[in-house]
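A.B. asks: For reference, the structure I am asking about is given below.
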Amino acid sequence: MSSLLQNAHRIVVKVGSALVTNDGRGLDESAIERWAGQIAELRRMGREVILVSSGAVAEGVLRLGWEKRPQRVYEKQAAAAVGQMGLVQAYETHFRAYGIRTALVLLTHANLVDREQYLNARMTLNELLRLGIVPVINENDTVVTSEIKVGDNDTLGALVTNLVEADCLVILTDQKGLYTADPRKDPSADFVSSAEAGRPELEAMAGGAASSISTGGMITKILAAKRAARSGANTIIASGREENVLVRLAEGEAVGTHLYAASSKLHARKQWLADHLRMVGTVTIDAGAVSALRNGKSLLPVGVVGVEGDFVRGDVVGCVTEDGVEVARGLVNYSSDEARRLCRAHTEEIEERIGHLDRPELIHHDNMVLR
Ligand SMILES: Nc1ncnc2c1ncn2[C@@H]1O[C@H](COP(=O)(O)OP(=O)(O)O)[C@@H](O)[C@H]1O
Ligand SMILES: N[C@@H](CCC(=O)OP(=O)(O)O)C(=O)O
């Protein structure tokens, strides 16, 4: 079996507290140096990488001179705020040694459920990747309470995987991967080298967090793989203690547990669209646009003759013929006000008509289902 990372272009890597801290007290600079080195190698191989890193609370605990990880929410929030400074300093310094710039992106659950903020976060991350930057993501612990937080970085990694439509999520931890039972409690447990993400028997195998420095345990990793598979991404759970693990995976070596998504990225997106087809408005398109869509093309403003309804970027909009027959539905790239101003516009006229050019197409083919 070869590695699911071998052909992955866009990769989300999650490293847990156990891998970047000195047993939960302060950052392990040499470990961070090694992560930067491996990710730099992936970049040289032409891969795009987003890093989801824990470690803020552990570093904050050290900087504040506390004996152990605090229990009270406001203490953890204070520790995260102090420690995040050290975390970004460490990544910035070690990536710079490889000529790579980093960016800090702190997210909360609320950012990812709000449609506008979700789209903005997606655009920003896409732009950072286009600029060759490695985004370093953590939960914005300071502003979340237990009810509204993502809670663990395995889940955050999966949400980011969905957000940027990554090909693969790599969760690095202190075990070789998934075993049929928690190997700390049951030494006779068997290793699972590969399985389909989302299968219920995997959830039954996985237990909670083993140490006081970590939050999730194996169950959050298994659920993260299930969530990542919803956008067609594969997941690998592997040991961060294996020498050069990321590079070896990218070269095709099958280390760790490989949890593959049952459907492809494109199929998953179209399925998502089919399940979220609450249409907010429609655009009327001419005969040329109708045949373009049926031939697998995107909808350009030039083929649009009218706009009905009130919608914002990212809403689901129907495409109807001049006789009122629905041809397709999809996620629209412009608001209804902008779309009205863009009727019949050629691509080079878009900026002049609405003052900016986000995308040449009104609805991209990949974000569209034909009716
Ligand atoms: N079925 C299982 N297979 C492997 N590890 C498991 C399993 N069930 C529970 N675990 C525990 O999950 C731990 C990894 O999760 P966690 O401590 O949250 O690490 P991280 O900080 O990397 O997220 C392992 O050390 C292991 O004891
Ligand atoms: N946001 C927290 C980490 C939360 C978390 O999920 O930690 P872990 O279980 O070690 O991946 C921090 O930076 O300390």
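The backbone N, Cα and C atoms fix where each Cβ goes, glycine too.
Pulled the feature table from TrEMBL, pasting it below:
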- K14, T173, D174, T215, G216, G217, M218, I219, T220, K221: ATP binding site (BINDING)
- S54, D141, N153: substrate binding site (BINDING)
- 281-363: domain 'PUA' (DOMAIN)
A.B. asks: Should any of the binding-site residues K14, D174, M218 have a Cα within 10 Å of the Cα of N153 (substrate binding site), which are they?
C.D. replies: K14
A.B. asks: May I have the list of same-chain residues other than S54, D141, N153 whose Cβ is within 8 Å of the Cβ centroid of the recorded substrate site, in sequence order?
C.D. replies: S17, S53, G55, A56, V57, A80, N138, E139, D152, L156, T215
A.B. asks: Round to the nearest Å and give the CA-to-CA distance linking T220 (ATP binding site) with S54 (substrate binding site).
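C.D. replies: Distance (Cα to Cα, whole Å): 14 Å.
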A.B. asks: Spatially, and counting Cα to Cα, which of the binding-site residues is closest to S54 (substrate binding site)? Options: K14, D174, G216, M218.
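C.D. replies: Given the candidates K14, D174, G216, M218, the nearest one is K14.
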A.B. asks: In sequence order, what residues of the same chain, 6+ apart, have a Cβ less than 8 Å from the Cβ of D141 (substrate binding site)?
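C.D. replies: Result: A56, V57, K76, Q77, A80, A81, Q84, K149.
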A.B. asks: Averaged across the domain 'PUA' (281-363), what pLDDT does the model get? Just tell me the whole number, please.
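C.D. replies: Its mean pLDDT is 95.
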A.B. asks: Under DSSP, the domain 'PUA' (281-363) has how many residues in helix, strand and coil?
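C.D. replies: Tallied per class, the domain 'PUA' (281-363) gives 26 helix, 24 strand, 33 coil.
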A.B. asks: With the Cβ atom as the reference point and anything under 6 Å counting, tell me which of the binding-site residues (K14, D174, M218, T220) are near ligand 2.
C.D. replies: none
A.B. asks: Count the other Cβ atoms sitting within 10 Å of the Cβ of T220 (ATP binding site), across every protein chain shown.
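C.D. replies: Taking every protein chain into account, the count is 25.
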A.B. asks: If you run the three-state DSSP split on K14 (ATP binding site), which class comes out?
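C.D. replies: Note: K14 (ATP binding site) is in a strand by DSSP.
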A.B. asks: Cβ under 6 Å from an atom of ligand 1: which of these binding-site residues qualify? The list is K14, D141, N153, T220.
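C.D. replies: Near the molecule: none at all.
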A.B. asks: Over all pairs in K14, T173, D174, T215, G216, G217, M218, I219, T220, K221, the listed ATP binding residues, work out the largest Cα-Cα distance in Å.
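C.D. replies: Spelled out: the longest distance between any two Cα atoms in K14, T173, D174, T215, G216, G217, M218, I219, T220, K221 is 15 Å.
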